[in-house]
């Protein structure tokens, strides 16, 4: 969210002395007067003034997590769990009600990285907790990526894991959910993933962007 207007209504206090903020060499703005507007248990909101090279002034408001361990590579992980079961390839999905969206949301399993964990360790743990599936094989880990960089610095790594769906421990997966979580687990054949996502009733369920991008990538690979 940003406003580059110079009117007094854009959030910039014209009477406040500009306290400059250190910026990277490739930042095209002068930043000043950074402040925490609200600080909660899980997140905080901040705003910072900015000035363009033409002298236009605005304010940028953003949201930041309070939970990221200092040593963590990202805030969290999203997990692409490929389940091979009875000769077929499935993707593990989760469905849960998201209060900010006001709807059910179809997603990849995901979660925050705990202190002392790597992204891969967090992925294995979160997969077990959210879905009950057990995996000991990490196929790949992505580089750091940001989820909505115009609004937040919330970040993740994508971790791809393989799951033996025929193994005894994966015959009847048991979730290990927090007391406030309500998550439904689905197995969808990878070859039918895009069709499954496309045919959802969008009036009652939405699709998380990382999952949609993955489904579109699978579809485009066959074109």
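Glycine residues also receive a Cβ, built from the backbone N, Cα and C atoms like all the rest.
Keep in mind it's a predicted model, so treat the numbers as computed, not measured.
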Completion exercise
Range annotated motif 'Nudix box' in Swiss-Prot (choices 111-132, 133-154, 155-176) is 111-132
Fill in the blank from the handout: Secondary structure split (DSSP) over the domain 'Nudix hydrolase' (72-213) reads 30 helix, 56 strand, 56 coil
Exercise for the section: Take the domain 'Nudix hydrolase' (72-213) and average the pLDDT across it for me. Expected result: 97
Fill in the blank from the handout: Same-chain residues at least 6 apart in sequence with Cβ under 8 Å of the Cβ of residue 130 (Mg(2+) binding site), in sequence order, are 94, 109, 110, 111, 175, 177, 181, 183, 185
